[in-house]
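K.L.:
Below you will find the structure I want to go over with you.
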């Protein structure tokens, strides 16, 4: 009689298993959180140092950043496809195949980086469409042209980062983030104010400093990967390899929806900012305060989401789908718990938070009111971003992209417009209407992404 192979018993969901998964999640997430905060700090430094030159320079940097940041997010999203690919190979102990994935990812990054270079270096047409003062337009164009020189390095860095995340090495990413911040301050000082024999460049110099930091971070991470002890278990990573278009297309099919999803989300907030602008300077300022603070908090669930991708992908690679589902569940609960704490803090201290940003009483009142809605969407935002991260670990990105598009552009923005500005509805809630729309859009995304994750991870759909 032929004996049939028994399936591997599913792991019991015990307290010990949950604590183990929680430790692994925090081990991966904490360096990513600190890295994200260091990147935000670089933007803060750019704003402060450019603002000390002139209002025109500050405006140019702000406008230029609003142009290149969505492009960066799209490129980063596409290259995030490397993480689940490498994570699954790492989980399956197919170490010999990991270098090929990195090399093909670098080819893809090089093309994306050069595309970003050409795009950002020729943005005069877009700036002419905006109602800008000639001096601000000139400075913004110069700033974008300078940043463009760093874009190839930025894309290569993102490919290296995604690879490093896939093999569970997130601490180097944190260290490189700190290095970038440490270099950003003196580089800004040199280029903005004209030191070491260079002419003062103002806001344009801020762009050159950003480009230089991009190259420093890319080369430093490449050096860590090449010589770091943590990567020695892998075969040589940087040997020459011709482009394999079949593998690159596979990466693009996985990464393109991620990049589009990031772009959809970024464009939603940009659209709301433009619509809110008609409500006056005080409302715009209050909206910006609330948005800036929530963006800062979002770095935590975003980092958890990236860690969930790693944990789920590695479990799938080990052919342990039950553990992958357990990792997704633990990650979602951890992210949700953090969101509840953030929401509680916002509800308790919204006026104090607004005071940190501005002494203006009217702006503080608007910001505090909007932070109430920010507290509400912490929960749904945490659920949707953790579910999306888990789905990336399953290499499921196409359906989540459509979910994001529907939730944000068919629910969030239309509802926000109806409540905030639309004449037929007549509520005229202003900025609060748009934030209610954000809550509705994120809640829709949370429900649909969770349903998709439940379907993809269900035992009947396991390979």
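Numbers here mean position along the shown chain, with the first residue as 1.
Using the three backbone atoms N, Cα and C, a Cβ is placed for every residue, glycine included.
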K.L.:
In TrEMBL, one of 37-58, 433-454 is tagged transmembrane segment. Which stretch would that be?
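P.N.:
Of 37-58, 433-454, TrEMBL gives transmembrane segment for 433-454.
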K.L.:
Go through the chain and flag residues at least 6 beyond the ends of the transmembrane segment (433-454) whose CB is under 8 A from any CB in it; none is fine as an answer.
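P.N.:
Sequence-remote neighbours of the transmembrane segment (433-454) are 268, 272, 275-276, 287, 290, 328, 332, 370, 373-374, 376-377, 379-381, 383-384, 387-388, 390-391, 396, 399-400, 403-404, 406-408, 411-421, 427.
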K.L.:
May I ask you to check whether the transmembrane segment (402-421) and the transmembrane segment (254-283) make contact, with contact taken as at least three Cβ pairs under 8 Å and only pairs 6 or more apart in sequence counted?
P.N.:
yes
